[in-house]
Amino acid sequence: MIEDREPIRVALLGCGTVGTEVVRLLRDRPEEFAARVGAPVRVTGVAVRRPHKHPELPEELLTTDSASLVDGDVDLVVELIGGIEPARSLLLRALRAGKSVVTANKALLAEYGSELYAAADASGADIYFEASVAGAIPLLRPLRESLAGDRINRVMGIVNGTTNYILSAMDSTGASYSETLEEAGQLGYAEADPTADVDGFDAAAKAAILASLAFHTRVTATDVHREGISGTSAGDITAAQALDRRVKLLAICDRVTDEEGNESVSARVHPAMIPRDHPLAGVGGAFNAVFVEAESAGQLMFYGQGAGGAPTASAVLGDMVAVARNLVVSGKGPRESAHAQLPVRSMGQTPTRYHISLDVADKPGVLSQVASMFNEHDVSISVVRQQGRGAEASLVVVTHTALDAALKSTVEEIARLDAVREVVSVMRVEGELS
Ligand code: NDP
Ligand code: HSE
């Protein structure tokens, strides 16, 4: 009988939005988890900051002494505190003692993933982290396991629900960024301090994890070029709409091969215009979606809820079952795969495309002056649209792919031309063949 087997003893570190749901689901369906694991799964302690805030939990389970809980008689440590410390020290402590770990902590993995992997390798413990990117969406296991025999060339997606909610609302209502951010806060999407979301830190940490797994290369959050959405104006949204596009905050991880055949990778987070008929353009509200392009598998898309207590708990519980099964059968989960160690490109050396919207004087020679700036930087133009408005004209240029540094310099020089009254909007373009 499974119930008579030695239980898998779980220490839960943190019991907030996600942890509460993990406890609830484990409590609701203990037999199912036991059957799937091959042994009962038992939470033997829960570490929190303020035990009095947790009347839903039996008092004897609660502690503020996380380190003692980790050091005690437990087989599996589930970390749902978030941030770098004390999460990092606690997980290293667990792994060094041979205790397997499940975490949803993207900030920690993006910065100290290699250190955690090394500790897991040294002791033979497992480390699983499906919930750290795109909440409920099974994405990391496909990258780590299902696609381990393929060669991934690109991972591009919407990995932050808060910013996707804001951009979707700006697109549908025409409201400004600040009005929409306020509304997102009132509805509980944006946190009291929305910086990690709106300035792209959250998405950059996720991009680092995705790039590391996709390209078998260590990529940290500091390797990821990061631009948030606080500079995205209603004008940018209107400019995108005029070209039948939508603005999305994208995390984009690319394998880049130069003319000599040398490979490198790039990882970036920034707002970009994508065609309205692109599958990512239809991802609205707080949902996440990630596109993966692999050499043999072709294009794959992963879509679902990227945040929230229950959706994220689903991913955490999936990892707990995997680790617990490994413990029952003395198996091991996947280890770090960083054998490729490809160089990481700077943003300036990354190929991108720009959409530029300008207000210019409507007189002879202006278009050729603007065009010559592109020519000087060896940037090829894909689309030009001009519309006269009295003495001024609105000029829209969409480029072909060029190095980001060349595109940036071109825009800087165009802005200095006497005939250019205003650079209305500059945004990268994704999702089309160049
Ligand atoms: P919460 O802020 O809701 O909960 C954090 C928990 O950690 C609380 O129970 C808190 O205790 C406890 N805690 C904080 N500091 C300490 C400490 N020093 N020692 C022990 N316990 C501590 O976080 P979430 O549940 O939202 O997030 C948890 C993790 O999941 C994070 O890494 C987050 O990035 C990740 N994640 C979250 C998602 C979401 O939608 N919320 C989605 C995907 C991932 P107390 O309750 O007493 O305050
Ligand atoms: N703040 C994150 C988001 C939570 O908005 O997507 C999930 O990591």
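Positions of Cβ are set from backbone N, Cα and C atoms, glycine also.
Those TrEMBL annotations? Automatic predictions, nothing curated.
Listed in TrEMBL:
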{"type": "BINDING", "residues": "Leu13, Gly14, Cys15, Gly16, Thr17, Val18, Gly19, Thr20", "note": "NADP(+) binding site"}
{"type": "BINDING", "residues": "Lys106", "note": "NADPH binding site"}
{"type": "BINDING", "residues": "Glu191", "note": "L-homoserine binding site"}
{"type": "ACT_SITE", "residues": "Lys206", "note": "active site, proton donor"}
{"type": "DOMAIN", "residues": "355-428", "note": "domain 'ACT'"}
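Features per TrEMBL, on structure.
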{"residue": "Leu13", "record": "NADP(+) binding site", "contacts (Cβ under 8 Å, 6+ apart)": "Ala47, Ser66, Leu69, Val70, Val77, Val78, Glu79, Leu80, Ile81, Ala87, Leu90"}
{"residue": "Gly14", "record": "NADP(+) binding site", "contacts (Cβ under 8 Å, 6+ apart)": "Ala47, Val48, Glu79, Leu80, Ile81, Gly82"}
{"residue": "Cys15", "record": "NADP(+) binding site", "contacts (Cβ under 8 Å, 6+ apart)": "Val23, Val46, Val48, His54, Leu57, Leu80"}
{"residue": "Gly16", "record": "NADP(+) binding site", "contacts (Cβ under 8 Å, 6+ apart)": "Leu80"}
{"residue": "Thr17", "record": "NADP(+) binding site", "contacts (Cβ under 8 Å, 6+ apart)": "Gly308, Gly309, Thr312"}
{"residue": "Val18", "record": "NADP(+) binding site", "contacts (Cβ under 8 Å, 6+ apart)": "Leu80, Ala104, Ala131, Gly309, Thr312, Ala313, Val316"}
{"residue": "Gly19", "record": "NADP(+) binding site", "contacts (Cβ under 8 Å, 6+ apart)": "Leu12, Val46, Val78, Leu80"}
{"residue": "Lys106", "record": "NADPH binding site", "contacts (Cβ under 8 Å, 6+ apart)": "Ser132, Val133, Asp202, Ala205, Lys206, Ile209"}
{"residue": "Glu191", "record": "L-homoserine binding site", "contacts (Cβ under 8 Å, 6+ apart)": "Thr162, Gly185, Asp197"}
TODO: Report the DSSP secondary-structure composition of the domain 'ACT' (355-428) as helix, strand and coil residue counts.
DONE: 23 helix, 35 strand, 16 coil
TODO: Using all protein chains shown, find which of the recorded positions Thr20, Lys206 scores highest when you count other CB atoms within 10 A of its CB.
DONE: Lys206
Task: For the NADP(+) site built from Leu13, Gly14, Cys15, Gly16, Thr17, Val18, Gly19, Thr20, further residues of that chain with CB within 8 A of the site's CB center - done: Leu12, Val22, Val48, Leu80, Ile81
TODO: May I ask which of the recorded positions Gly14, Val18, Thr20, Glu191, Lys206 have a CB within less than 6 Å of any atom of ligand 1, listed in sequence order?
DONE: Gly14, Val18
Open item on the list: Suppose you look only at the domain 'ACT' (355-428); what would the mean pLDDT be?
Closed with: 94
TODO: Let me know the DSSP-derived helix, strand or coil state of Lys206 (active site, proton donor), please.
DONE: helix
Task: Secondary structure at Leu13 (NADP(+) binding site), reduced by DSSP to three states - done: strand
